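First the structure, in the form of structure tokens, and then the observations on it.
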Amino acid sequence: VRFPEDLEDDNTTFNPEYSHQVFGDDEVAFGYKGLKILLYYIAGNLSTLFRIEYTSKVNEKFDCVEADDVESKIREIVPPGFCTNTDDFVCLLEKEVNFRPFGMLLHTYSVHNEEAGEDITYQIYKADMTCPGFREYHERLQTFLMWFIETASFIDVDDERWNYFLVFEKYNKDGATLFATVGYMTVYNYYVYPDKTRPRVSQMLILPPFQGEGHGAQLLETVHRYYMSSPTVLDITAEDPSENYVKLRDFVLVKLCQDLPCFSPGNLMRGFSQEMVMEAQQKLKINKQHTRRVYEILRLRATDMGDAEQSRSYRLDIKRRLIGPYKKKQRELAKMRRCLRPEELTNQLNQIDLNMQHEQLEENFQQLVSHYRRVLERLAQA
């Protein structure tokens, strides 16, 4: 909500992707007709208005059943101090002009908005719990996780190893410059013996109205650049990354690595090398596993897949990496079957497994190349 009229504007409304963490696996609130659970957030400081509306509700006295206590379920995730009536909320909205982003400004960028016909400015800040008012703001911000990240949990904000990176949009209201929350990322700094740290991305969320505009890439690249400048950082990882996060990370890391000397077309065609690992780790804090994916994507760009020899060389190079887990599984199966089956049957079953694995290997290769092409298409448009 930026203006009072937004309260009645369905265009500013978005619905949760998940509600099982609040309402159980069936995502059901029992005992109501026409139930609406309404959560409004002021765009900048995220002050909250919470209301429940329904046309009818079962009555324990007459229906012998009790409706779910929806309000208590919401109160478990929304911090105390929220508004319950519109007038109080609108009063807080009038004070929004005083809100300013928390922490240190790291990056400013702009995105052209077709609907508005102008460039909109965004800023990324790094904050921590020492920033006045940030603890309370973060309590409100993290409530979005429960609705948009499937396995979300609230973090221990008293642990000083957490870093917080925030994205804000700058907008004008009555001649004043205000800020709207776009998204954020939390990063935990793990200790690595003897004197290094390994930042691990824990949570990342761009709010639905801003998704698909490139803010995730801007945020992840800014975070990488922030840690790249630190001599004590070993590399940057992610905790249980989603498929969408992996796609985003591939794009950002390829963008960062493409100009490194070790990733020149000539070097790429000679194969994956220790020099690539060393340079990506030392200059960009990228680990060996992620460097290998960057190499495969950039080598695809350097490869003429219409050339039979180049195409074959690329395919074999990727499949040599992909086949590792299959070979390990094959060795394990062979050991088990030697104990459980006659030798003739073992050989036959192994052959069946090999045929299936070759099919899976080819399927995995094609999916990977398809993904790599999409990364390269996005890179060409960047």
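A Cβ is built for glycine as well, from the same backbone N, Cα and C atoms used for every other residue.
Among the features that TrEMBL reports, active site, proton donor/acceptor is placed at E239. Sequence annotations record features per position, and here TrEMBL assigns domain 'Histone acetyl transferase HAT1 N-terminal' to 3-150. If you look up TrEMBL, you'll see 249-300 marked as domain 'Histone acetyltransferase type B catalytic subunit C-terminal'. Look at TrEMBL and you will find W162 tagged as site 'Interaction with histone H4 N-terminus'.
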Q. Roughly how many angstrom lie between the C-alpha atoms of E239 (active site, proton donor/acceptor) and W162 (site 'Interaction with histone H4 N-terminus')?
A. 14
(Q) Across the domain 'Histone acetyltransferase type B catalytic subunit C-terminal' (249-300), what does the mean pLDDT come to, as a whole number? (A) 97
Q. Under the DSSP assignment, what numbers of helix, strand and coil residues are found in the domain 'Histone acetyl transferase HAT1 N-terminal' (3-150)?
A. 50 helix, 37 strand, 61 coil
